[in-house]
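Copied over from Swiss-Prot:
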- 1-23: signal peptide (SIGNAL)
- Cys25-Cys36: disulfide bond (DISULFID)
- 32-147: domain 'C-type lectin' (DOMAIN)
- Cys53-Cys146: disulfide bond (DISULFID)
- Cys123-Cys138: disulfide bond (DISULFID)
Amino acid sequence: MGRFIFVSFGLLVVFLSLSGTAADCPPDWSSYEGSCYRVFEQKMNWEDAEKFCTQQQTGGHLVSFQSSEEADFVVSLTSPILRDSFVWTGLSDVWKECSFEWSDGSDLSYKDNYQFVFSEYECVASKTKNNKWRIIPCTKLEYFVCEFQA
């Protein structure tokens, strides 16, 4: 009887530790730290990609990075699929106010040591191999990653 209770308790602990992980994300989406991510192998301009992401899931946007670990996770998703390419991030200055912001409204606390030089270009793409950021024209066609809170 004691062994049965011990095994039952162990199974309960395993079940509870697994709930709240990838199970919160739809099929074809990957889970990390309470968010779901999906790489799309089609190219769009920044505005169309952002709109597409908002239509995929409630609260969806182009990916935003809050830490280097999150950026590394996204690289681990994009690099095997897209090889050496760029993907749109949700970071932009589409209002041309010399103020870059994430499309999901989150704080710009993680910048990957990037020094923002304001120019005629307004949107930020990330390199799939190493997460190096580039400010490029928003009209350029790039792959993209969507994200939403699970």
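Residue numbering: from 1, along the chain as shown.
Using N, Cα and C of the backbone, Cβ positions are placed for all residues, glycine too.
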Would you mind sorting out which of Cys25, Cys36, Cys123, Cys138 (the disulfide-bonded residues) have a C-alpha within 10 A of the one on Cys146 (disulfide bond)?
Cys36
Nearest to Cys138 (disulfide bond) in three-dimensional space, by Cα, is which of the disulfide-bonded residues Cys25, Cys36, Cys53?
Cys53
Looking only at Cβ atoms, how many others are within 10 Å of the one on Cys53 (disulfide bond)?
26
Between the disulfide-bonded residues Cys25, Cys36, Cys53, which lies closest to Cys123 (disulfide bond), Cα to Cα?
Cys53
If you measure Cys36 (disulfide bond) to Cys53 (disulfide bond) at Cα, how many Å is it?
12
Between Cys53 (disulfide bond) and Cys25 (disulfide bond), the C-alpha gap once rounded to whole angstrom:
15
Using a 10 angstroms cut-off on Cβ to Cβ distances, just flag whichever of Cys36, Cys123 is the loneliest among these disulfide-bonded residues.
Cys36
Which site among Cys25, Cys146 has the most other CB atoms no more than 10 Å from its CB, taking these as disulfide-bonded residues?
Cys146
Please report the three-state DSSP label of Cys123 (disulfide bond).
strand
Please classify the secondary structure at Cys36 (disulfide bond) using three-state DSSP.
strand
Let's check the environment of Cys138 (disulfide bond): how many other CB atoms sit within 10 Å of its CB?
21
